[in-house]
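Everything below concerns the one structure shown next.
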């Protein structure tokens, strides 16, 4: 297993170092959080689908965000639970790349969706009379297609590069799944040569999206300041509150994960791995809750879905 090879047949996921005896206990909150995230996002998707009045750009973009969140968590958590429960640590090279592909694919897709949501708020507040003409169901479909295409463009070259690299050292990966923690591919640490591609490209794409979002909110703040009364300003800002919370959750988490993965050599390995699992659990759980609690239409429809008319 220590010999150089172009593509190893399998990798071994080792789980959380020094905590192997606690794997079963650790799996309990992980499983609970995952089921809660699936339930919350499923309820949101069902509420929007069942209520024709919610078939509007803002809510359809929220559905795209929920699908991206479900992709992120479902790609990683079942694999981690299989390791915790059944010690199924062996994973083929192809399956490892596939899992890593979907994990990294979901991040730029979610970033584009958040940018589209910022544009939605910009048009709604700055040009309310033109909202229906600028944003439509077709426009949301184009935004979703653009998100998918950019996600493919971001990760496919990286996956192809990894297939061409020669791997050295043991096949063990100190993770619970083959992950690309926001920016850096974990298994490139096993390659004979390191690559900065996995760090630079997601940073560049995320920075561009964040810059455009900042510009959108700068115009939003200018428009809000021109409103004649405080109640009108408060109402306008309230419509942006959920989106701002989701933005902070996504970009702060991504930046911390990227820096910790690349430069956090003083952080204990088990802390790295626990955080890597929380990265794919907490945002998919909190995003629909933030929107569900703050958006009355979604909250009321979700209650009707579970309690009946």
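Using N, Cα and C of the backbone, Cβ positions are placed for all residues, glycine too.
According to TrEMBL, the features are:
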DOMAIN    40-291  domain 'G-protein coupled receptors family 1 profile'
TRANSMEM  24-50  transmembrane segment
TRANSMEM  56-77  transmembrane segment
TRANSMEM  143-162  transmembrane segment
TRANSMEM  203-224  transmembrane segment
TRANSMEM  236-259  transmembrane segment
TRANSMEM  271-293  transmembrane segment
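Listed as Cβ neighbours of the transmembrane segment (56-77) (distance under 8 Å, sequence separation of 6 or more from its ends, same chain) are residues 30-31, 34, 37-38, 41, 44-45, 48-49, 99, 102-103, 105-107, 109-110, 113-114, 116-117, 120, 124, 135-137, 139-140, 143-144, 147, 176-177, 179, 246, 277, 280-281, 283-284, 287-288, 291, 297-298. Simply put, out of 203-224, 236-259, 271-293, 271-293 has the most Cβ pairs sitting under 8 Å from the transmembrane segment (24-50).
Sequence-distant contacts of the transmembrane segment (236-259) (same chain, at least 6 residues past either end, Cβ-Cβ under 8 Å): 65, 107, 110-111, 114, 117-118, 121, 124-125, 181-184, 199, 202-203, 206, 210, 213, 217, 220, 223-224, 227, 275-276, 279, 282-283, 286-287, 290-291, 294-295.
Confidence in the domain 'G-protein coupled receptors family 1 profile' (40-291), given as mean pLDDT, stands at 84.
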